[in-house]
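Pulled from TrEMBL, these are the features on record:
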DOMAIN    A:20-145  domain 'RNase III'
BINDING   A:E62, A:N131, A:E134  Mg(2+) binding site
ACT_SITE  A:D66  active site
ACT_SITE  A:E134  active site
DOMAIN    A:173-241  domain 'DRBM'
There are 2 protein chains.
Amino acid sequence: MHLFKKIFSKSRAQEGGIFFDTIQKILGFTPDTIDHYKRAFTHRSTNKLDAAGNPLNYERLEFLGDAMLSSVIAAHLFNQVPSGDEGYLTKMRSKIVSREHLNELGRDLHLIDLVESKVLTQHFGENIHGNLFEALVGAIYLDKGYIYCEKFIHNRVIAPYVDIPKLEGKVISYKSLLIEWCQKEKRTFHYDVFEDNGIDAQKFFGVKLSIDNKIIAKARATSKKKAEEIASKRAYFAFQEKINNK
Amino acid sequence: MHLFKKIFSKSRAQEGGIFFDTIQKILGFTPDTIDHYKRAFTHRSTNKLDAAGNPLNYERLEFLGDAMLSSVIAAHLFNQVPSGDEGYLTKMRSKIVSREHLNELGRDLHLIDLVESKVLTQHFGENIHGNLFEALVGAIYLDKGYIYCEKFIHNRVIAPYVDIPKLEGKVISYKSLLIEWCQKEKRTFHYDVFEDNGIDAQKFFGVKLSIDNKIIAKARATSKKKAEEIASKRAYFAFQEKINNK
């Protein structure tokens with residue numbers, strides 16, 4: 001049974017080739033039906049049709065993904081912020097699922113590299129990134145159901161990006177919070193870029209933050225500024241007790 | 001084990017008393033944590049607070065229930081109408097989760113009878129019915145998770161109310177469709193009220209539809225018109241093949 005499963009997934013992987021591997025890496029689990037994901041990356045310009053003659057592209061999946069994102073984020077906020085009323089929860093959710101934020105999510109996962117299209121990717125507008133991200137979430141729902149969808153959104157949206165104090169506007173930048181604290185505490189700090197892949201289309205930076213010459217946090221992101229912010233946030237939470245007790 | 005479960009649910013039922021029984025009947029399954037449902041029927045006018053000092057009423061649950069309704073309906077429409085594009089799906093969903101429709105759902109389940117409030121129920125606006133329905137869905141999500149929530153929405157919203165041809169405006173009334181068919185076919189038909197509970201606050205009608213003096217369909221609803229429409233729809237689907245073949 002176990003062996004059979006192994007062979008089965010191997011043959012599936014061979015079917016989808018590089019696409020299958022890339023999707024699997026993005027998802028963090030093995031897809032069952034790769035066709036859902038293929039559809040999630042098929043642009044309408046291909047003019048493909050399914051067996052019933054309906055357009056085969058990612059546009060309907062965007063609708064489905066958007067609905068799943070909204071409900072998973074709603075449940076997360078409901079549980080995380082017991083003091084927030086309906087208005088607060090609605091506002092916070094719309095910040096998290098804003099077009100701008102979804103575009104960032106899609107861009108960071110380089111989803112555009114997977115698109116099958118007759119339009120050159122350079123000619124797509126900025127929203128293609130967010131649209132692909134929504135479609136991917138829709139495909140996960142069809143392939144694996146709500147629970148996997150929820151896990152994916154937790155791993156790819158909530159854990160790395162959903163920062164309630166920052167969304168509330170109470171914290172503008174963790175970097176400035178951290179610098180302020182270092183100055184007050186008379187500590188030295190510096191940020192070092194330790195990685196820069198140099199590829200223009202897919203820039204990637206690694207940043208190390210040291211305080212008193214000790215490395216406190218590392219982070220990688222698509223811009224130096226973002227990586228610094230993530231490293232600062234990590235350091236901030238590591239030091240939070242100290243900061244709060246001052 | 002079975003006995004233990006029985007005793008356990010009995011004691012839970014006793015805790016909630018009539019409220020527990022009524023909720024169980026509405027849900028179609030046994031609740032695990034009755035407190036979620038109590039909250040779903042607690043109006044802000046009670047000024048209740050939870051252990052952490054947060055307002056204890058149904059308003060936040062409305063937010064959660066609304067999100068769950070949107071995603072369950074989205075998935076249903078996505079699967080049911082493979083030819084519908086994003087715009088179509090969005091429009092159909094907003095018809096199903098319209099304020100007016102949610103009010104109807106809440107009213108038909110007599111949810112207002114369960115409300116704990118310091119305001120007289122007569123002084124509530126019309127939207128109380130829909131708000132309670134949303135809050136109930138939110139409570140189901142907290143108590144039993146997404147899958148139960150989905151089942152409840154299927155049983156209470158989709159099966160009895162979601163009629164795609166009617167939502168598309170292609171069918172205005174099943175009663176008129178049926179009458180037209182009877183006239184064409186030279187068949188006699190009549191609708192009989194067989195039940196009328198006579199209680200003003202909770203009106204309830206049962207209607208029988210006979211064609212050629214044979215009872216074809218029965219239905220019960222909160223108005224005679226609604227019960228006739230439901231009976232006509234049932235008869236219509238029973239006869240659909242015949243009608244389509246003419």
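Glycine is treated like the rest: Cβ placed from N, Cα and C.
Automated prediction, rather than curation, is the source of TrEMBL annotations.
From a predicted model like this one, the values you see are computed outputs, not experimental measurements.
When the domain 'RNase III' (A:20-145) is classified with DSSP, helix, strand and coil residues number 85 helix, 4 strand, 37 coil.
Within 8 Å of the Cβ centroid of the Mg(2+) site, not counting the listed residues A:E62, A:N131, A:E134, the chain contributes A:Y58, A:E59, A:L61, A:F63, A:G65, A:D66, A:L102, A:G130, A:L132, A:F133, A:A135, A:G138. For A:E134 (Mg(2+) binding site), the same-chain residues lying six or more positions away in sequence with a CB closer than 8 A to its CB are A:L61, A:E62, A:G65, A:D66, A:L69, A:L102.
Of A:E62, A:N131, A:E134, listed as binding-site residues, those near chain B by the criterion of a Cβ under 8 Å from one of its Cβ atoms are A:E62.
The Cβ neighbour count for A:D66 (active site), using a 10 Å radius over every protein chain in view, is 24. On its own chain, A:N131 (Mg(2+) binding site) has A:Y58, A:E62, A:L102, A:G106 as residues at least 6 apart in sequence with a Cβ closer than 8 Å to its own Cβ.
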